[in-house]
């Protein structure tokens, strides 16, 4: 019936408590949420729905990382985030948690983050009748004088029940009942109870020397529990006075750091008897649940001393019972209360609740790095704790709630400047001298991709010789990234200068790992002088960062082109002949060998040498100019037809060369030109005198007309040269072509040639040249060095395509080559 009554009362009390918590929710910080739970509840037993009482949705518990925190660090309860229920985490033993206190309350806080919020919760642990009364001793022997008067009282150590309230000891009884004794019990004060045996009838040792019975203590639980001790009464004679203490309660104080053997206090009792019956000895009367092992008492003097050091934080006071017994066996009991005085012997404790490391370097100011709580087990000023952060400008401490502190960032972090911070938090109490505790937080800063790669040069210039082998290594680019890990892994690739441009040059490749630059195919200096590409270095971050650098590849010329003879043409058959009058003096200019070299620099410097001649002593060749002149005057002994071979050699290493074959006709008069030509033709073909005569007659007939035409043309050429700087006119001119060749770097000067032919000359046509420097095909790579305005001369004989084909008055290719 009692349990049935209690359950509705508890349900009503819980509903009232929940309603009170709900109505006072806006003031949750000031007024705690209170619950009650019976002790010995199984783990997982539900206490209440704290989320509902706190006005929180269950989804908020997980989102805001709700958790429970208590000052002593023990978790008696746990929070079910899914439902918001508060459940028992471990078996609750009220007597272990609160001892003999009338009320047993377990306070803790419900903590929520984002934003930080606290709810104070108190759970009262209700006692159940789970302990039976226990007497200090299983057998108690009393020696009672037979002269004891009825109504005499003999004090007993009462039974102790660890339960409280109605579950504690409520009654004592004797079994079996006897006529000599009864039991009397009651309370001296709210906290002190007494149990006494009352002598109901005078004893007669001669009739009955001993009396034995059981003393039963019964509690008020349902069902009730009981404890029993055996009482043994020995009837003695004479000694009819028990010891009496000078005080019923002795109170003493001792410092918790007092050394072993220190005297706490002394108790004293007196006995009006004399002799052995008046000799008093002292001893501790051990109480249930409390051990006096920390103290010792002198049996003769009654001095109570320390057996071992005390700890204020473990117990603030000690309650002892001292029994004084005389020689006749009579005794008395007094209470001794020892109060422990606190000293500052406990350093503050710092408990870390959460700690975040590593911390990204782009964390915003105010980011919480750590949450911790500080406490000091001492009392008063010795238990007041303050915290400080040593010498840090980027972090600070912030008081969150009561003794909770947050370690937060103050300004932006930079991993490239400092990758790790050692933060020392010092907690100090207000004792004298103060005690301190330090906690070091090692905060690693994690990298984010905030640094682009940086090349070690603003631009690169690399050199490669022409005709290089494929995949030739010409150099390397290098870039570094201040970040770490994937954010610092640099890869290289070619990129167009602008996104709208074509893909980069296909003749250059860059190793993506080490930045080595390779030329994939042979290059020709005569076509490409230099190439510029854009190399990009990109890291592996997200998003990736990149940097660009210009790489200039300069092609170095090699002597891979032999000189090309432009004049006289070497593909005519027979070779053209130069006309030399017999009256010519030494130094007479016969002709000029014109040659070009497609190479550049010293590889294109040409020198001319007379390799062979019919009469080597008759001719001299200008080493730099290529002019063929007479070394001496012509004599009658000299052969009419002179053949010469001129060697043209460049200045490369090794040098390359070409030869120019030419012939000269020594004539007394230009009218003999036809005769000489016919004679030479007759000799080459085996000769026919008849043919020679016929040809000679024809040339003699036409000699006058040809001489006249040549003279007129000579005068006109002179006049035109003075005006326009040209000698030959027509669709093209020889001088401009030679001037272009000189511009290319081979001919130092422009030359003018006069050609006078007789009327009967078989070669009376003027020869016209068109530009014979074909344009190079366009190069898709970015080049430099003037390749657009410099052309290579063709090699080999001039073909019909090189002569203006659309003009019927132009000479044929064969006629041009015979010039």
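Using N, Cα and C of the backbone, Cβ positions are placed for all residues, glycine too.
The annotation domain 'Cadherin' is assigned in TrEMBL to 29-135 (among others).
Feature annotation from TrEMBL assigns domain 'Cadherin' to 136-245 (among others).
Taken from TrEMBL, the feature domain 'Cadherin' applies to 246-350 (among others). Assigned with DSSP, the residues of the domain 'Cadherin' (246-350) fall into helix, strand and coil as follows: 7 helix, 46 strand, 52 coil.
The domain 'Cadherin' feature in TrEMBL is assigned to 351-455 (among others).
Feature annotation from TrEMBL assigns domain 'Cadherin' to 456-565 (among others).
What TrEMBL lists as domain 'Cadherin' is 572-668 (among others).
Marked as transmembrane segment by TrEMBL: 692-713.
TrEMBL lists 779-819 with the feature region 'Disordered'.
The listed stretches are 29-135, 456-565, 572-668; of these, 29-135 has the most Cβ pairs under 8 Å to the domain 'Cadherin' (246-350). Taking the domain 'Cadherin' (246-350) as a whole, pLDDT averages 86 in the prediction. Residue counts for the domain 'Cadherin' (456-565) under DSSP, split into helix (H, G, I), strand (E, B) and coil, are 4 helix, 48 strand, 58 coil.
Applying DSSP to the domain 'Cadherin' (351-455) sorts its residues as follows: 4 helix, 56 strand, 45 coil. Residue counts of the domain 'Cadherin' (29-135) by helix, strand and coil are 15 helix, 40 strand, 52 coil (DSSP-based).
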